[in-house]
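J.: One structure, as structure tokens, below. Some questions next.
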Amino acid sequence: MHELRSFNKQLRKYKSFFRIRFSAGLQYRAAALAGIVTQFAWGAMGILGYKAFYNENPGSFPMSFEALTTYIWLQQAFLAIYMMWIIDYDLLRTITDGGIAYELCRPFELYSMWFIRCMADRLSKVVLRCMPILIFAAFLPKPYGMRLPQDPNAAIWFIITMVLGLLVTVSFGMLVYIINFFTLSPMGVRLVAASLVEFFAGAVIPLPFFPDGLRQAVELLPFASMQNVPLRIYSGDIHSTEIYLRAGLQLFWIIFLIFLGKRLIALALKRVVVQGG
Amino acid sequence: MKLYGKFFIMHLKEAMQYKVSFLLTTIGVFLVSFNVFLGIFFMYDRFHEIKGYQLSEILLCYATVLLSFSLAEMFLRGFDTFAGTIGNGEFDRILVRPRSPIFQIVLGKIAFTHIGRILLALCMFVYGIQASGIEWNIYKVVTLFLMVFGGTVIFGCLFIIYAAICFFTLEGLEFMNVLTDGAREYGKYPLDIYGKRVLRFCTYLVPYSLFQYYPFLYLTGRTEKSIYMWLPLVACLFFVPSYLLWRLGLRHYKSTGS
């Protein structure tokens, strides 16, 4: 009974921390508006490019054209959830300038606190941005617009795997932060990590467009468990029992990445020397 | 110009102080564009051609855009981070010095990390020049040179516009990314594949097609009109409105006080 109560207390603590970060993120409305316009233009250009390939040879298209447009609009709407480019500079600075000492004084476990912080930042960005893009895309004429999910089952699994995908992304992002305890070259590490993730997650071209053989291998990587799974479930490209397999793989990567992150941070903190001043 | 040489060497030395960091960043910048290259490659693996353009021609087209973007970004990086320059009061210091602000901003930063991108662009050039089956003569060489030159000027103007807007908003406008990063990304294919409306936008509003699409048609022998090879020079007129906007912003400038 006592343990349960203290667990509840812990949970409340993290919940309020989440709420603070989340509402702080909601303040940036002008930035969100600019972002919406930008993402809309990117999405539109992407679709026009694929359209040219589709007109060339519809038979070589690995998914239906409507599934692709839906994929791209969802990708733009939920960009902030999955994009590796988003980086919390304050958090990085904590590592490089010694602010870590204060962080360690707080009554939180470091890994969980940062994890929640990154999650809250991503979610607050997405809440501001996704609706206008989704609504606008839904009203576009036929092959260019977004469509509803194929069936209720797909809708439910879309939401579940989207949450799982967010957790994979955040736990991988944590590794990128933690590496900075060891290298102190935030820009470089971030660029390399982000561009690798972008490519293998299907942000440059969707994974079905990869050549056979390579694609099967890439789909096992943690990157394929980020945006690839939910977006393709929604558009009907992944269906029936395959859904459960992909979700299981996502779960595996979450556990693995969090475990790895926690081990690494423990290792890093052992080496941290906080100088006075 | 002598001053520029001095600053150039200074920035080079500065970059070399942190070798690992420099190397990692260079690799990162390279990878960003390499991703796009792989994307093109995979798409061509599947579709073989698009609107009659061969892979080698597309790579040549992407190489010109990428090279012009990298050159512009490398030397005009100061405009890209201009919001910060205004925000921290650095610009006030620039204004009191006896040199033109544009010159000083150009001097302020040189992003050598873009060398990664430039290398990638050069590799694609070499491949594209050999494999595209273009019959090279002096006119075609001049065309290629003008394409890169015109592109560098256009991207440079866009960076200046981006900075000029900062005078009014005090922060960078994310939308401008579409016109710079977006153009770099989507300029990989000749602009006509995106349809007539995009092509029109890219001719009359921001003259991308004048250095990319039309000279490219001449380069690959799709048209005999040699007037197309001079269009990149026409595109350079884009500098006039950009510079006027910069002047307007400069007059409008009020210090942030920090």
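Sequential numbering from 1, following the chain as shown.
Cβ atoms are placed via backbone N, Cα and C, with glycine included.
Copied straight from TrEMBL:
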TRANSMEM  B:20-44  transmembrane segment
TRANSMEM  B:56-76  transmembrane segment
TRANSMEM  B:106-129  transmembrane segment
TRANSMEM  B:141-170  transmembrane segment
TRANSMEM  B:198-215  transmembrane segment
TRANSMEM  B:227-246  transmembrane segment
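Map the listed features onto the structure and describe their local environment.
T.: Outside the transmembrane segment (B:20-44), and at least 6 residues removed from its termini, the chain residues within Cβ reach (under 8 Å) are 50, 55, 58-59, 62, 66, 112-117, 119-121, 124, 184-185, 188.
Here the transmembrane segment (B:106-129) has long-range neighbours at 3-4, 7-8, 11-12, 15, 22, 25-34, 37, 56-57, 59-60, 62-64, 66-67, 69-71, 73-78, 81, 85, 136, meaning same-chain residues at least 6 beyond its ends whose C-beta is under 8 angstroms from one of its own.
Below 8 angstroms of C-beta separation, residues 61, 64-65, 68, 143, 146-147, 150-151, 154, 158, 179, 183, 187, 190-192, 228-229, 231-232, 234-235, 238 of the same chain, each at least six residues beyond the ends of the transmembrane segment (B:198-215), sit close to that stretch.
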